[in-house]
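Below: one structure, written as structure tokens.
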Amino acid sequence: MDSASNNARTVAACVIGGIVLGASVVALHLGAGPAAPSLPPVEALRRRFRRRCRPVRVYMDGCFDMMHYGHCNALRQARALGDELVVGVVSDDEITANKGPPVTPLHERMKMVRAVKWVDDVIPDAPYAITEDFMNKLFNEYNIDYIIHGDDPCLLPDGTDAYALAKKAGRYKQIKRTEGVSTTDIVGRMLLCVRERPVSDNNSHSSLQRQFSHGHGQNIDDSGFGSGTKISHFLPTSRRIVQFSNGRGPGPNSRVVYIDGAFDLFHAGHVEILRLARGLGDFLLVGIHTDQTISSTRGPHRPIMNLHERSLSVLACRYVDEVIIGAPWHISKDMVTTFNISLVVHGTIAENMDYTEDDSNPYAVPVAMGIYHKLESPLDITTSTIIRRIVSNHEAYQKRNEKKEASEKKYYDSKSFVNGE
């Protein structure tokens, strides 16, 4: 729902509300009040009118650690329940106290949430549990109408519902949890490589990363659970891709900027380079490489997220206008012509920076055409950075995952259909 349709709906509501309010006031002044007890008091009508004349604001909070397309889909669904979405990002300390150490610090998680195209405002350092004081602050200072959460339970360490107060206040709405992914799942995929490491490795970080790079097996049962780690199976649908898409193409005179990559474990470094790339033109086209291409250049354990998962994460970014799902490694002149590409860009921080030394430079054509530009990457973060964070503290994350996986297995075992978008 774009801003134009929101404004039109608000104006229509105000006009209709004004007519109803005016008619009711006239009726009361003509003496119809005592004879018509079903009419609401004028003050109540005025309050209702004022409420209808402003956007419906909804609030959703979360850790948004290692933010993925499941988080983005939750925010998309929440935004559809109102006109403006305010998102609370839980502090590092609150996450550590309730779930275990976060993989990504607050400042990175804030960048990720702000970059989601369905988010209108962000509140940093939100509490993990909705307290009465914070709930009143949401209602009175942020003008929040409803608090949103998924259909999966969110329990505090003492076993109580984190959203009990919002439910009691009648200001709670529920959305459908996105199938096939969670931060626990993603961390679990990376932990697979270190679960059965040889004792001789002595827990060294370098040996653990070698295991990750070269692959390490683990037995998985039919339910997707093995040694405590659930491997989710994302089921991509054309409808989901449409929901994430902008639904518009570049204009005939648009300056189309193209950037490609794996965009695995979509992180703040990706967001920042996409933001800069979008600023160089009118339309940002992002090429996302296939799983096979990434495996051949970065090792058999890559990518962590499959092609469709990575595509949805990129599509949810507000700086991205369109993606090529399964983009070619080499950029050809025909591709430049087909998509009317004006500029091809690449960051200075990436997993594979020796591509220019190869005999077959994938950017040789745009370089020869004079349309290649190297962008200074604002953040020194790559997918390997995220993996190193997991590997360097793998025991803490393994304990965190084992605790979380127990509740997730319970959720999946008792899962029932929830109607939603």
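Glycine is treated like the rest: Cβ placed from N, Cα and C.
Positions annotated as compositional bias 'Basic and acidic residues' by TrEMBL: 399-413.
Here the domain 'Cytidyltransferase-like' (59-188) has, by DSSP, the following mix of helix, strand and coil residues: 48 helix, 29 strand, 53 coil. Look at TrEMBL and you will find 59-188 (among others) tagged as domain 'Cytidyltransferase-like'.
Residues annotated as domain 'Cytidyltransferase-like' in TrEMBL: 258-352 (among others). Taking DSSP states H, G and I as helix and E and B as strand, the domain 'Cytidyltransferase-like' (258-352) has 34 helix, 25 strand, 36 coil.
Residues annotated as region 'Disordered' in TrEMBL: 399-421.
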Check the domain 'Cytidyltransferase-like' (59-188) for me and report the mean pLDDT.
-> 91
